[in-house]
Structure formats: structure tokens, C-alpha cells
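Trainee: Annotation source TrEMBL lists transmembrane segment at 12-31, 139-158, 170-191, 197-217, 339-357, 369-390, 397-416. Taken from TrEMBL, the feature domain 'Major facilitator superfamily (MFS) profile' covers 86-510.
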Amino acid sequence: MKFEHLLSVVNGFGRFQIMIIIISFIGRFTLPCHFLLNNFIAAVPSHHCDLSALDDGSLFENLTHEQRLTVSVPVQEDGTPSSCKMFPEPQFRLLSNSNDRDLVTVPCQNGWAYDNSTFKSTLATEWDLVCDQKGQNKATTTIFFIGVMFGAMTFGSLSDRFGRKPMLLVSYISGMLFGFASAFSTSFIMFAVLRFFTGFGITGIVIVSSVLSVEWVDIQHRKLVGVIDSLSWTFGNCMIPAIAYCVTDWRQLTIAVTSPLALAILTWRWIPESARWLIANGKFEKANFYLQQCAQMNQKEEFGSKITPETLSSIIVTERKDRSHSYLDLVRTPKMRRLALLTGIVWYGVASTFYGISFNITGFGLNIYLTQFVYGAIELPAKLSAYYLLDKVGRRNTEVGSLLGAGICLAINIFIPRDMSVLRTVVAVLGKGCSATSFTTVVLYSSELFPTVVRQNGMGYNSSMGRLGVSLAPLILLLDEVWRDLPQVLLCSIALLASLVARMLPETRGRCLPETIQDVEDGLPWIESQP
């Protein structure tokens, strides 16, 4: 007997499963907010060299602000004042002659003056992370996602060893503590370190809750649960610009997006442990307790009473007591090794493409709050289309097609002139929609590919590969200084490569979840490739 047979007895999608989804939604809301937080707290407002030191009490103090800029700051090719250069002394002759090409300039000597009309404070204004230091500002995103990458590997392994529920609580608490602590940082180094640990802590929320939801629902509703779970990201992506618009101080904004974890901790007690994991680890009494709870909430008590610990011991999980599993099990056997390689590449491509587009909210010359909101809003129709496509064309074809669509949109934007900002934004939004579909699909798809005994390890590994892609995305965007279109070319190439690799994965539509590594190696029907 397989676990799916038990779910059909107690109802594989009833009030019990809906409760899990709702509670998980609370904790998952904070994830997209933190993942996109740097778009706002690390924003660089308009700035120029601080000119206060040039005010010697003479003619300079009688000039207007525009005149002070004219005599103190050189003009760039686009006609705007330079952000990083100034004249060593006021050039009053420029008031009548605008030619400053032959004048000597120096780097800003006394810091910078910032335009605070949009942001009250950001990391850039707090620690002057501009000009020669702007790389540090971008690095905060990379540091955060490196923490997410290591956290994914850690929580994936620990939740396979100690269970889904306790590791979910650890992720809630650690993410909240480090998130709050980072808001009170007194130096950039302190902030960077705390952001690393914030990323490390909160990543357990997504990989544990995603697997927990999938393991409690029947085959028919797995795609629905996968799409609903992903909608928490859409909700967060739409809310973060609204929150950032109202909270313009980076410290207060960090606290605001971390606060929902407090509610998640309070509701954690109602989250059940995965009965699949309990059975796989020989904990039949506890598995029976949660199955009875499921039957009661789903109003199937008369059927639930037929389930006993002895019944559960007959569930087909032949590896349940032999040994503990680790990441090494992902590469010990040939078919698992191939599966890990292919899914890892796809996750890297999906995440790199998705966040490469998401982080570029200032690259089109439009309002960043509006751009971020539209980026989030497009995910709703994209994910609803995924719900339809996952069954109609299958997981694999949906993944391949969405990645291909994202790559095509990135390629089109390479050839659209920069001054056509609205058209470029429309194409980017379409690309974001395609990448959102690919992300929704890959989370469900990969959780169906890996067997129960190493599913959390597999998701942890895949999530780490994805976060590697995310952590490199901000650095890819910095390459526009080498060649303006180089970031778009690289992201397009990554999306198309991932699309080709996804074509090599097996289809899982309508199949039972594999329970053991041997299921994969034996080539049982669930993993046979479809033509």
C-alpha cells in the first residue's frame, strides 16, 4: 500500500490541508519582501558632491542652489551634474560660459548631498555607498543570497533528519531575530553579516513549507497547492512597493517586512508534521495521530478509525529504518545523480532569470514603486496560467515553454532603443510573467521528482543552486559598465540554456510521488520519460 491510498481515505484535500496552506501563507509572505528588500533599502537617490566646504562667506553664499552646482560640479554628457566629481574651487566664470571641458576635477572631498524626496534614508545615504563604493551597495544583495544558499542546504538536510515542523520553527525564529537585529546595525560590516544570517534563517520557510504542503495532498490537488503556495510570493511582491512607499526609512522598512514572522511563530503550533516523513522514519504512532487529526477535520472519522500504527507499518517505504540520508544520496546512484545535475541547472537558470529581471526596476527610467508593483501583479495571471498548463501540457513542457518565453523577451529588449522606456518595460513585464510561471512550475516539479527519503535534501540542494543564481544576478547587472547590453545577453543565454536542460527531465503529471531511491533507480512508471 502507498501513502496516496491513505490520503484518499482521509480526504487528500479538505479543511486540514487548507489549514496548512493558510498558516504557511503567513510565514511565506515575508520571504519575497526580504528577497526584494534591497531594491528599496539599497536604492541610490540622486546625489552630488557636498558643496558646503566651498562656502567661504564670499560670493558663493549669495548664489542660488542651481548656480552653486554650475560653478562647483562638472556636467555629464547627458547634461546632468556629475555624481562623483567636483571642481577643487568654485569656477564663477561658468555662470556666463558653460564650457567646463578643460577644467580640472577631483573626486568628492567632503561626502555627498542626497535627494531625500523619495527615500528618507537608504544604505547608500547612511554609509555613502556611492561612486567608488557602489559595489558594496550591490554586494549586500549577493551577501544575503549567499546566506540563503547555505541556509537552503542546511535546512534541507536537517528537516530530513529531524522533521519538517521543528525546522520550520527554527527558520521562523532565526529569520525574525536576525531580521530585526539588522535594522539596528551601526556599521555596514555589521549589516552585511546580519543580512547573511537573515537569509540563512528565512530560507528554511520556503523549502520546508513547500514540501510539507505537497506531502499532505493527493495527486489531483498537488498542482493547485503548488500554485497557491506561489501566490504568497505574488502577494508579497505586490505589497513590498506599497510598504516601501509608506515607510521610506531603511531601518523601519526592514522591521516592517520582518514583523509577520511573529504571527507565523504564534500559528506554528497548528502546523502538523509530515505523515510521510514520520512513516519513512518508523514513527507510526505519531503519524497515526496526525492522520486521525486529518480525518477528523476533513469529516472522515469513520474511515480514519480504520487506520492504525500497524496499518502504517505496511506502507511501502523500504528504506525507512536502514540509515539516515544525506546530500551524498543525491549523487551515489546513476539516475539520482543525473536528476540532481539537471534539476540543479534548471533551478539556477530559473532563479537567475527571475531575479535578474526583478532587480532591474530602475533600468527603464520609470517610477520604481510602479515598476515593482507591475512586476508583482503580472505574476497573478502568469501563475493562474501555470495552473491550467501544468495538467494540460504537463510539468516539463510548462517549464520549457516559460523559460523559452523569458529568454525571448530578454533578447527582444536588447534591440529596443533605450529611449523607448515604456515599450522596454512592457517587454520586461512579459518576461517577468514567463519567469514567474517557470518558478511556480519548478518548485512543484522538483518536489515531485525526488523520493520522500531525500526529498527535503533534494529541495535544499535545488534551492541552493537557485540562490547561487540569485546571488550572482546583481553582479551580472553591474556588467553594464563593460557593455550596456551584456547583462541582458547573459540572462537571455541562461534562460535558453535552462530551457534546453529542462527538456531532458521526466514528466511527473498524474504520477504517484516516489518514496525511495530505489523507486528512481528501478525506473518505476512514475519516472519514465514521455516522448
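Glycine too: its Cβ is placed from the backbone N, Cα and C atoms.
Looking at the shown structure, what environment does each listed feature sit in?
Mentor: Residues 34-35, 38, 42, 123, 167, 170-171, 191-192, 195-204, 207-208, 326-327, 359, 456-461, 463-464, 466-468, 470-475 of the same chain sit 6 or more residues outside the transmembrane segment (139-158) yet have a Cβ under 8 Å from a Cβ within it.
Sequence-distant contacts of the transmembrane segment (170-191) (same chain, at least 6 residues past either end, Cβ-Cβ under 8 Å): 27, 30, 34, 123, 127, 129, 136, 140, 151, 155, 158, 197-198, 200-205, 208, 251-252, 254-255, 257-258, 261-262, 264-265, 268.
Within the chain carrying the transmembrane segment (197-217), a Cβ under 8 angstroms from the stretch's Cβ atoms is held by residues 7, 12-13, 16-17, 20-21, 24, 27-28, 30-31, 34, 143-152, 154-156, 159, 164-165, 167-168, 170-179, 182, 224-226, 229, 261, 264, 271-272, 274-277, 294, 443-444, 447-448, 452, 455-456, 459-460, 463, 467, 513, all 6 or more beyond its ends.
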Trainee: So what's near the transmembrane segment (369-390) in sequence-distant terms, Cβ-Cβ under 8 Å and 6+ beyond its ends?
Mentor: 36, 39, 223-224, 226-227, 230-231, 233-234, 236-242, 244-245, 357-358, 361-362, 397-398, 401-402, 425, 429-430, 432-434, 436-437, 440-441, 444, 509
